[in-house]
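What follows is a set of notes on a single structure, which appears directly below.
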Amino acid sequence: MLIKPPKLQAGDKVATISLSWGGAGEEQLQWRYDQGVKRLEEVFGLQVVPTPNSLKGEAYLHEHPEARAKDLMEAFEDPEIKAIISNIGGEDSIRLLPYIDFDIIQKNPKIFLGYSDTTISHFFCYKAGVSSFYGPAVMTDFAENVEMDPYTIKHIHNTLFSNEIIGDIEPPEQWTSDYLEWDVKNKDTKRTTYPNKTYEILQGEGIVQGRLIGGCIDSMESIKGTSLWPEINHWKNSILFFETSEEEPKPDLLARWLQNYATQGILQNANGIIFAKPHRETYYEEYKQVITAVLKENGLSKLPVLYNVSFGHSEPKATLPYGRMAGINCNQATFSIMESAVLE
């Protein structure tokens, strides 16, 4: 069972980190990073410090994966740092793997938060036996134009600042993946939102429970076959959570990825699956067809599947804790986290 980290409290010091793309250190995006930091300070009452290499820019960080890993190790080792929050994703966090000391993570459990390519770093934590959190990033959700979404704020508080049972993760009333250039002139322009659909049960009956494991399914491809990939027993009695990236992979690619999970026996070991709302709702219906087709081909037509859940590459988003017990109610099309995710 994964170790729960201590909860956050107002006044705690947190570190921001660039584990993949170095955009937070680019001059033209400085305002966006600063806006995210301001929200962490003003909305959540946190003290924010950047890790030493995180603002050195895209070129430097691309050339120095060891510097990114050093930031992560030092942030875990520093007793004053109570949480580590990813600035943004990218595409090459896997290059940090040779420089990761898993003992450091295991001996210093603390909140680690992010999504997209940050999936790779979540599996650093997973291998170390520490629960981490698939959720908002500094330059996206925290820096949202005009204001943070109340739904995102609520689920950060419920998951990271409270050791009460998290409970239902309800769908938000509105959603957006609307593209608005990160130009300072757009700073006070709110993105267009759209009425949200409810969650959909694609298949399955009754109520199932399992421990959460998953991430951005695009990024997870880069850790298959590495020492990070969990052995089959880690997938047993799980609730898998999958989301697709802003690259909007074609349905046939999603089918191949899912077929690989079936070939490994991972889908057969799961108690259920939740899929996020696709970015911009691209391939919304096509993904549903692919998911049910692959499951049918593998004799899994009764495996509960909940679709259109608010995490990943759409806003607002919930925060999902790795390794914690979750439930899918197929009768009511609901999803809940059935325990607390942090310690007092």
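The count begins at 1 with the first shown residue.
Here the Cβ of each residue, glycine as well, is placed from N, Cα and C on the backbone.
Going by TrEMBL, these are the annotated features:
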DOMAIN    14-135  domain 'LD-carboxypeptidase N-terminal'
ACT_SITE  Ser116  active site, nucleophile
DOMAIN    209-327  domain 'LD-carboxypeptidase C-terminal'
ACT_SITE  Glu243  active site, charge relay system
ACT_SITE  His313  active site, charge relay system
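Helix, strand and coil counts from DSSP across the domain 'LD-carboxypeptidase N-terminal' (14-135) read 64 helix, 21 strand, 37 coil. Per DSSP, the secondary structure of the domain 'LD-carboxypeptidase C-terminal' (209-327) breaks down as 46 helix, 32 strand, 41 coil. Note on the domain 'LD-carboxypeptidase C-terminal' (209-327): mean pLDDT across this stretch is 99. Counted within 10 Å of its Cβ, the other Cβ atoms near His313 (active site, charge relay system) come to 23, all protein chains included.
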